[in-house]
């Protein structure tokens, strides 16, 4: 049985991870949970999974959580009260929890960086759903992985697809996972993108896009932030940077293809011109399950893919006019150093302000480009962790400042 720590248990990745644990109780045991403010859901998760430690983001909620757990303990719905913690200390403790074999990092954004590093330093394997950690701090995370021997298993569908295609190759047989070493034997990878909420919109119509429009994904069920990232194609741009670190590829070896059906999750082109692809229904539970069960596969009762029911699979090149964030991500990745951290932080803050209706959808790439341009003269090619955290904070403040001076609030 594999013991699992779930960081971000009430979010999209966290809840799906716990669903899998419930489906396979003989395979997985949940030993640690971290969550935000959704106490009702956390209580249900504690009752179901009986973890050893629980941490909340907000310390002020600990008293209420403790009281409610005491009641459940008295009623024998909880066998043993878990250790209760809060804040950064609790998050890092859960990430490095002694009995955990695997840590699922489902926290959105750069907030997942420090607990990811805590897990790595403790020698834990990670199921990485928090791509921003690797993007912002790849120069720190990759050396930490090499030092600890931890393995980074990609939990998003695209990188999981590449990872699955590489099983049995020299890369998988001879390398520690995710050390950034060059991948022998293949020419390139092709990351597929659904095209997001606006794939059928004309570029000139995006000026009218609302928050509701941007958070309505045609294929996937995800959180609001990543759904907006899908709509801008920044999500795919960030995945390009992640793939660079995961598989040791140059940016010229990583291609983005629009595939509206989201059935082919990504492809690997080998040196001999063969192409390997991983197919499946657009369901995040499958890549999460593969992380949890790897190197084994588990039999599931989930719906089977029947291509005859789908009929056609279509592909096209992304429209750079409609998706300027894609090119911003390639540029930041090629610049290296602290530039991806600036890109990531600026994007996170810009999306946050858009979701608050502080400015328009089309302003997201404008803000990000302005902040990245401003950082060029201060680019640090070999940053420390403290320098990455400092530049992350700087970029967020710059987005606020820029938006107040240059952006008009959404009005339709």
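A Cβ is built for glycine as well, from the same backbone N, Cα and C atoms used for every other residue.
As the structure is a computational prediction, the values presented were derived from the model and not from experiment.
What Swiss-Prot lists as NADPH binding site is 10, 11, 12, 13, 36, 37, 38, 130, 132, 223, and the listing cites sequence analysis. Per Swiss-Prot, the feature 1-deoxy-D-xylulose 5-phosphate binding site maps to 131, 157, 158, 194, 217, 230, 235, 236, 239. Swiss-Prot lists 156, 158, 239 with the feature Mn(2+) binding site, giving sequence analysis as the kind of evidence.
The Mn(2+) site is defined by 156, 158, 239, and by the 8 Å test on Cβ atoms against their centroid, the other residues of the chain that qualify are 131, 154, 157, 159, 160, 191, 235, 236, 242, 243, 266. Each of the binding-site residues 131, 217 was scored by the number of other CB atoms within 10 A of its CB, and the lowest score belongs to 217. Cα-Cα distance from residue 131 (1-deoxy-D-xylulose 5-phosphate binding site) to residue 156 (Mn(2+) binding site): 8 Å (rounded to the nearest whole number).
Taking only the Cα positions, the spacing between residue 239 (1-deoxy-D-xylulose 5-phosphate binding site) and residue 36 (NADPH binding site) is 25 angstrom. The highest number of surrounding Cβ atoms within 10 Å, among the binding-site residues 12, 38, 235, is found at 235. The secondary structure of residue 239 (1-deoxy-D-xylulose 5-phosphate binding site), as reduced to three states from DSSP, is helical. Looking at residue 36 (NADPH binding site) and residue 217 (1-deoxy-D-xylulose 5-phosphate binding site), their Cα atoms lie 24 Å from each other. Same-chain residues at least 6 positions away in sequence with a Cβ under 8 Å from that of residue 158 (1-deoxy-D-xylulose 5-phosphate binding site) are, in sequence order, 191, 192, 236, 239, 243, 265, 266. Of the residues the record lists as binding NADPH, namely 10, 11, 12, 13, 36, 37, 38, 130, 132, 223, the two whose Cα atoms sit farthest apart are 23 Å from each other.
Counting only the Cα atoms, the space from residue 10 (NADPH binding site) to residue 156 (Mn(2+) binding site) is about 17 angstrom. Ranking the binding-site residues 38, 132, 156 by the distance of their Cα atoms from the Cα of residue 217 (1-deoxy-D-xylulose 5-phosphate binding site) places 156 first. Each of the binding-site residues 132, 156, 239 was scored by other CB atoms within 10 A of its CB, and the lowest score goes to 156.
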